[in-house]
Amino acid sequence: MDTKIGSLDNCKPVSNDVCSPVNGTVSTIQGSVSPAVVNCSEATLGRHLARRLVQIGVSDVFSVPGDFNLTLLDHLIAEPGLNLIGCCNELNAGYAADGYARSRGVGACVVTFTVGGLSVLNAIAGAYSESLPLICIVGGPNSNDYGTNRILHHTVGLPDFSQELRCFQTVTCYQAVVNNLEDAHDMIDTAISTALKESKPVYISIGCNLAAIPHPTFAREPVPFVLSPKLSNKMGLEAAVEAAAEFLNKAVKPVLVGGPKLRVAKACEAFVELVDAGGYAVAVMPSGKGLVPEHHPHFIGTYWGAVSTAFCAEIVESADAYLFAGPIYNDYSSVGYSLLLKKEKAIIVQPDRVVIGNGPAFGCVLMKDFLRELAKRLKHNNTAFENYHRIFVPEGQPLKAAPKEPLRVNVLFQHIQKMLSGETAVIAETGDSWFNCQKLKLPAGCGYEFQMQYGSIGWSVGATLGYAQAVPEKRVIACIGDGSFQVTAQDVSTMLRCGQKTIIFLINNGGYTIEVEIHDGPYNVIKNWNYTALVDAIHNGEGKCWTTKVFCEEELIEAIETATGAKKDCLCFIEVIVHKDDTSKELLEWGSRVSAANSRPPNPQCRCHAKEQFRLFYATEVNRRRLVISKSIFADRWQAFRHQTPIGLGLALSVGFLGGLYCLLLVNLFWNYTALVDAIHNVEGKCWATMVFCGEELIEAIETATGAKKDCLCFIEVIVHKDDTSKEQLEWGSRVSAANSRPPNPQ
């Protein structure tokens with residue numbers, strides 16, 4: 001992890017497989033043969049950044065405007081080939097960039113200083129955990145404010161602007177703070193190339209007064225990136241392959257298991273070559289689903305310990321040798337550390353390292369090279385696959401439901417299975433959808449994504465937005481629980497604005513089911529919304545959207561036929577009502593094991609080590625706090641409300657105090673907010689909502705709110721002209737704009 005406020009080397013020759021999405025295709029870096037001279041008006045920092053994003057394959061940037069990034073956004077919009085997508089909040093913008101990177105190979109988001117940066121931080125941490133190259137761009141304060149004692153808005157009230165940067169240092173592999181033009185070119189190029197080389201997020205902060213200023217270093221088209229390819233140590237590679245081949249060739253029933261790091265190692269195709277050469281049974285770890293072709297004749301399912309797909313665990317754990325390519329063993333993927341594996345039987349292949357049993361470890365050996373060379377040395381052995389074929393019993397069909405019988409979750413996923421093809425992709429939200437979607441059999445070309453390492457609920461809404469934007473030719477099928485949807489629901493509106501045709505299955509079982517199975521309590525119960533009405537309110541007649549609510553299999557079949565037929569060019573939202581205790585058997589088993597792992601009593605022998613570990617970490621963190629910079633953001637009151645809706649309304653409404661009554665007044669921004677509040681209310685609790693267009697209606701509404709409805713939460717939507725603003729805001733805005741745009745002080 002590097003923090004740079006100065007120049008560094010840029011543009012080393014590179015291989016073009018920099019941005020490889022999961023399907024193995026390559027997003028090459030575009031560029032002209034010889035740099036062309038750029039018009040003076042385009043020779044700015046902002047346009048250079050925009051051109052670099054286009055070169056690496058980014059066509060869409062997800063953003064939330066704030067006063068420190070507005071000028072930068074102007075320059076991004078002006079770049080041909082770059083589309084700016086405004087999101088409802090920074091968290092979803094980050095999740096969208098995450099989903100975009102999973103499909104396109106790299107993603108980008110633009111937010112503003114601190115209030116925007118710290119909001120997007122959670123999404124950046126998730127991308128870091130999943131090894132996704134993501135360019136997080138922050139509009140920072142005016143460069144003249146660095147090194148002064150001025151206190152800026154959107155800070156914690158101290159003249160030190162470093163809070164945001166320090167937070168990003170732990171979840172990005174490189175940080176560039178651009179507060180002068182002399183080395184801006186080098187810093188931007190180094191940050192972007194580092195993201196691609198390390199396959200991790202990077203942080204770029206740009207002073208709000210710098211984006212529009214021409215500089216000689218931007219006077220020519222950027223030289224295309226060429227990243228030096230990583231190479232294996234030849235002697236180490238040969239030794240590792242020889243040892244692994246000997247280990248596997250003497251085994252009786254070896255198996256292969258693919259893991260999530262196949263993506264970052266760009267080794268999916270090499271892994272398939274190994275499978276073809278060896279004839280072994282092949283499985284996939286849960287977080288690697290979608291990286292190994294499930295239509296392969298030797299594929300036996302998902303290896304997930306006690307919750308593996310049928311007969312997969314028996315074959316893997318009974319093998320006398322197993323090769324894991326790119327595994328991550330955490331408490332979730334190991335089902336509470338309960339995998340029945342033995343180290344002496346395992347070959348662990350990481351992106352740049354191979355460990356064979358209890359014996360030798362080989363460094364500087366790239367996974368892709370190792371797997372391809374090993375494929376040439378393996379003897380064909382299909383014993384494990386024959387054993388699987390011998391014991392496998394196809395899953396039985398659920399009993400035929402009685403007419404209009406309440407819908408069961410396993411029936412829902414039977415019908416989702418029939419929807420899958422090479423033209424679809426599945427996004428699975430954290431929760432029971434993890435386990436149900438693992439049982440889906442993906443046809444050739446069908447995408448699949450979920451966030452297992454970080455496991456942030458609500459991730460799927462933004463990720464669906466980003467993934468669908470990256471591959472418009474695929475129809476995304478998102479499986480989301482009601483609890484997760486309440487966290488990030490707003491950006492369904494952005495999907496509509498972008499004309500996406502996603503199918504969202506909202507599984508409404510009345511709570512946080514995955515937490516219930518780990519540890520139940522009243523905190524896992526959430527307020528039930530009318531989700532279909534909520535999406536209708538967000539839709540508000542703008543864009544193509546179709547919603548429905550289903551209670552039984554007959555209604556589900558009809559809804560799917562409509563979504564894939566008459567409404568195939570619409571965003572389709574299907575709310576599926578199921579019983580609160582209708583969960584997969586895998587979640588029941590997994591939840592009990594994870595709960596047991598979480599509740600292990602303290603080990604007295606570990607206490608001293610834990611204290612020392614924290615002391616070392618704290619010392620490292622203190623030493624890291626050298627020269628750092630920070631940023632700021634402005635969000636007007638209406639946009640701020642939009643950021644909090646509908647999540648904030650579902651939990652604790654932003655309220656103003658009016659005559660002793662809690663009441664909310666807001667200005668209309670695209671959605672039907674009154675209908676939205678009615679959908680959240682869903683006839684539970686006391687709530688009264690109305691919309692007013694004139695003074696008489698406002699007086700009547702206030703009289704009702706302070707009289708007949710004085711014991712209710714009252715929501716009054718006030719419709720005013722878009723230019724009806726206070727003179728104070730006009731004056732304030734012009735002065736803040738002038739302060740932000742002060743030119744750099746040469747001194």
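Here the Cβ of each residue, glycine as well, is placed from N, Cα and C on the backbone.
Going by TrEMBL, these are the annotated features:
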- 44-149: domain 'Thiamine pyrophosphate enzyme N-terminal TPP-binding' (DOMAIN)
- 241-359: domain 'Thiamine pyrophosphate enzyme central' (DOMAIN)
- 452-576: domain 'Thiamine pyrophosphate enzyme TPP-binding' (DOMAIN)
- 647-671: transmembrane segment (TRANSMEM)
Counted with DSSP (H/G/I as helix, E/B as strand, rest coil), the domain 'Thiamine pyrophosphate enzyme central' (241-359) has 39 helix, 25 strand, 55 coil
Reduced to three DSSP states, the domain 'Thiamine pyrophosphate enzyme N-terminal TPP-binding' (44-149) has 50 helix, 22 strand, 34 coil
On average, residues of the domain 'Thiamine pyrophosphate enzyme central' (241-359) score a pLDDT of 96
Summed over the domain 'Thiamine pyrophosphate enzyme TPP-binding' (452-576), the DSSP helix, strand and coil counts are 58 helix, 28 strand, 39 coil
